[in-house]
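> Have a look at this one.
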Amino acid sequence: MKKIAFIGSGTMGTALATAACKGIDPSEVVITDVVTEKGQKLADELGCNFVETNGEAIKAAHYVVFCVKPQFLKSVLEEVKPVFAACAEEGQEKIIVSIVAGVEVSTYMKELELEGKNVPVIRILPNTACLIGKGFILIEQGDSYTKEQEDEFRYILREAGGFDSLPASQFVAGTVLTSTSPAFIAMFANSLADGGVYNGLLRYQARRYALEGILGTVQLFLQSEKHLENLKDDVCSPAGPAMIGVKTLEDRGFRSSVINAVVDAYKRFDEIGKLK
Ligand SMILES: NC(=O)c1ccc[n+]([C@@H]2O[C@H](COP(=O)([O-])OP(=O)(O)OC[C@H]3O[C@@H](n4cnc5c(N)ncnc54)[C@H](OP(=O)(O)O)[C@@H]3O)[C@@H](O)[C@H]2O)c1
């Protein structure tokens, strides 16, 4: 049996399959997609296996990662329910991995009728930087899978980036930060660049300098034990330009806007998890 299958070859399916193909032999990786050409093209690029149906992908692999949008999950689970039942009858162990935002482990149990069938479900939430090995994957702690199964899964996807595991009560709060922050940071970076262009830089220069500023700062922060506020203070000299800019941001509600974006995103995670 192959090691891992990805159902859906979109943004995250591509990112995770790419990492898996770097971490283990690509011949151990299976992908599928509703659009055959898209899945086949990705498989050709990665040197892994493509199969035309979700059922074939599930039969072929030990770990099965569902990488479809939340609104399609219910119909995909309905389609593959008999496949899981058949595999269970044949004594084939399957480990389900969910990356679908807002969808709880109980949804898989219910939709696939897995209660009492000893099928592990690992709920994770990755982010887009997994594509370049700089992602962060949060794993929801659960009692349906063993430490060995989690360790093996981490090993397969170790090229995606870092991992952390969180209790179920904190999982959504953690995933909101890791998965939505790229969107907010992209907006912030582009706004910095816009300011640079306003001040006379060319767009490509402003884009690069804004991103270099963010990259270096984040690397410094990750290596420092200091509170982030102290690091800000280090840059703000008395009556200096950075302090003037900080005041402007405070006047315009920068912090409360960011805090509210995170709070509102958290609420939305709950809503999209409620399958219709
Ligand atoms: N993108 C992120 O940053 C991110 C982060 C964390 C978690 N997630 C989660 O990851 C999941 C996938 O998101 P995504 O951004 O990768 O979405 P996406 O780019 O739309 O990828 C989903 C893929 O699944 C395919 N698909 C649709 N129906 C299918 C079916 N019945 N059988 C097999 N494949 C099917 C889609 O094909 P078509 O395009 O032709 O419909 C598409 O290629 C979502 O549930 C999301 O919550 C995403």
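The backbone N, Cα and C atoms fix where each Cβ goes, glycine too.
What TrEMBL says about a protein is an automatic prediction, not a curated fact.
What TrEMBL records for ILE7, GLY8, SER9, GLY10, THR11, MET12 is NADP(+) binding site. Per TrEMBL, the feature NADPH binding site maps to ASN54. Marked as domain 'Pyrroline-5-carboxylate reductase catalytic N-terminal' by TrEMBL: 3-102. According to TrEMBL, the domain 'Pyrroline-5-carboxylate reductase dimerisation' annotation covers 169-271.
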> So how many of the residues in the domain 'Pyrroline-5-carboxylate reductase catalytic N-terminal' (3-102) end up helix, strand or coil by DSSP?
54 helix, 21 strand, 25 coil
> By DSSP, how many residues in the domain 'Pyrroline-5-carboxylate reductase dimerisation' (169-271) are helix, how many strand, and how many coil?
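Here the numbers are 88 helix, 0 strand, 15 coil.
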> Which site among GLY8, GLY10 has the most other CB atoms no more than 10 Å from its CB, taking these as binding-site residues?
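Of the binding-site residues GLY8, GLY10, the most buried by Cβ count within 10 Å is GLY8.
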> Taking the binding-site residues one at a time (ILE7, MET12), which has its Cβ surrounded by the most other Cβ atoms within 10 Å?
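In terms of Cβ crowding, the pick is ILE7.
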> Neighbours of the NADP(+) site ILE7, GLY8, SER9, GLY10, THR11, MET12: Cβ within 8 Å of the Cβ centroid, same chain, sequence order.
PHE6, GLY13, THR14, ASP33, CYS67, VAL68
> Please give me the CB contact count at 10 A for SER9 (NADP(+) binding site), counting all chains in the structure.
25
> Which residue, out of the binding-site residues THR11, ASN54, shows the minimum number of other Cβ atoms inside 10 Å of its Cβ in this structure?
THR11
> I need the CA-to-CA distance for MET12 (NADP(+) binding site) versus the residue listed as 'NADPH binding site', whole Å please.
16
> Given the binding-site residues ILE7, GLY10, THR11, state which is nearest to ASN54 (NADPH binding site) when distance is taken between Cα atoms.
ILE7
